[in-house]
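Below is one structure, written out as structure tokens, with a few remarks after it.
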Amino acid sequence: MIWHVQNENFILDSTRIFMKAFHLLLFNGSFIFPECILIFGLILLLMIDSTSDQKDRPWFYFISSTSLVMSITALLFRWKEEPIISFSGNFQTNNFNEIFQFLILLCSTLCIPLSVEYIECTEMAITEFLLFVLTATLGGMFLCGANDLITIFVAPECFSLCSYLLSGYTKRDVRSNEATTKYLLMGGASSSILVHGFSWLYGSSGGEIELQEIVNGLINTQMYNSPGISIALISITVGIGFKLSPAPFHQWTPDVYEGSPTPVVAFLSVTSKVAASASATRIFDIPFYFSSNEWHLLLEILAILSMILGNLIAITQTSMKRMLAYSSIGQIGYVIIGIIVGDSNNGYASMITYMLFYISMNLGTFARIVSFGLRTGTDNIRDYAGLYTKDPFLALSSALCLLSLGGLPPLAGFFGKLHLFWCGWQAGLYFLVSIGLLTSVVSIYYYLKIIKLLMTGRNQEITPHVRNYRRSPLRSNNSIEWSMTVCVIASTIPGISMNPILAIAQDTLF
């Protein structure tokens, strides 16, 4: 009899929870419509995978790409709408969050065609790969719109779990296993530190979890200048630092870049930084409003260390992927300048614009690494010598992306850095901008060194890998080269017409 009553109570409680969830989704689902499209795409992928054979592989790519493009379209249709807080305060929809979601979706859309040939050549499981990519994209989008501490913790964990699985996707590769283990351990440690910081914020604000309510709670409890807030600030900075990978929280980055499948590295190198930057701007700017001087100082230290260490160590690297790992550490130092400048002096607008250019520059470079690696099986920088003699398109497109990463005019990277540094200079960050300018010159050196190798025509310098290099027979049907072409165009042409892009970015400020 007791068991029967308990069973009835359990059924009633479950029904209430289900009805509440259905009610929330019914009345708030339109606010996360782009995310719902991705969820539908995930379900469709699983259904097709369970009912079809490997001959239907093209459908998997089509469904994934279509889901991402439809999600981008839904975001664009929602542009300029009034900011809305939904799901009982868990999510906030505004232009600032949506443009970061757009950047994540754009990166994922470009990464799928970049991965097609790699998956076919390495015989990786296609369905799981695409599921992890879409789920990680979903986690990044939820993180961009997160408005409370619980969602800010759960969303990046969704992204991180998929990242761990993707980085260890080539299970027979010892380097991949080592990178995944290191990534998992450091990711778990950083998540623990992040939660520790959240607990201090929660307690100091009197039990509030929404970002704006935390500020009100700190005012009511008079705890906004307490030691607990300082502990929370340091802990959260460390936790977010792992996602952004600035120095000295960069230890996992070179190993994961080198050991993971190259399309996975291309995906993680941008999406993780975009999502973490969106979260960092809101966490630092809202709950830590009264500690702006303290977090500005912390981020300035991280930016200086990242720009100096990242670019100096990149010079010494012999692996192309490790070089890009340290280059990305330097690049995040430039992005942090925009976070520090903030809403004033168009800091956020310049940061968003530079991130848009960084996606195209970085993915274009990784597309070249994927293409060259599949045909030669090497990642060593020296083995690229003389590539221009065998594949002029690949060599020239690589050179343009590298020059744009270095910030040479008139490419997009130059104008992106110029506006970012100018905003920092107007905000009085003279020392930080000076370090950025000097380290940009250093980065040009190692990018030009690679370009010199690509363009060399002397037979004695051409490596056996390039001598035996075979070009793709169907260039128009090569998805890697399609991705690379899009990235090269985006790395060059937008730099000439910056004002419309900056104007759109300025409209995203909250």
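Quick reminder: no glycine exception, Cβ is built from N, Cα and C everywhere.
These features come from Swiss-Prot:
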- 24-44: transmembrane segment (TRANSMEM)
- 59-79: transmembrane segment (TRANSMEM)
- 99-119: transmembrane segment (TRANSMEM)
- 124-144: transmembrane segment (TRANSMEM)
- 149-169: transmembrane segment (TRANSMEM)
- 183-203: transmembrane segment (TRANSMEM)
- 229-249: transmembrane segment (TRANSMEM)
- 295-315: transmembrane segment (TRANSMEM)
- 323-343: transmembrane segment (TRANSMEM)
- 347-367: transmembrane segment (TRANSMEM)
- 395-415: transmembrane segment (TRANSMEM)
- 418-438: transmembrane segment (TRANSMEM)
Ranked first among 59-79, 183-203, 229-249, 295-315 for CB pairs under 8 angstroms with the transmembrane segment (124-144): 59-79
Residues from the same chain, set at least six apart from the ends of the transmembrane segment (347-367), whose C-beta lies under 8 A from its own: 96, 99-100, 103, 106-107, 110-111, 114, 262-263, 265-266, 269-270, 273-274, 277, 281, 324, 328, 331, 334-335, 337-341, 397-398, 400-402, 404-405, 412-413, 415-417, 419-420, 422-424, 427, 480-481, 483-484, 486-488, 490-491, 494-495, 498, 501-502, 505-506, 508-509
Residue numbers, six or more beyond the limits of the transmembrane segment (59-79), whose CB comes under 8 Å of its CB atoms: 33-35, 37-38, 40-42, 44-45, 48-49, 52, 93, 95, 98, 101-102, 105-106, 108-109, 112-113, 116, 126-127, 130, 133-134, 137
For the transmembrane segment (229-249): best-contacting stretch of 99-119, 183-203, 295-315, 323-343, by Cβ pairs under 8 Å: 183-203
Positions on the same chain near the transmembrane segment (183-203), where near means CB under 8 A and six or more residues out: 149, 152-153, 156-157, 160, 163-164, 167, 209, 214, 228-229, 231-243, 249, 251-252, 255-256, 287
Maximum Cβ pairs under 8 Å to the transmembrane segment (295-315) - stretch from the list 99-119, 149-169, 323-343: 323-343
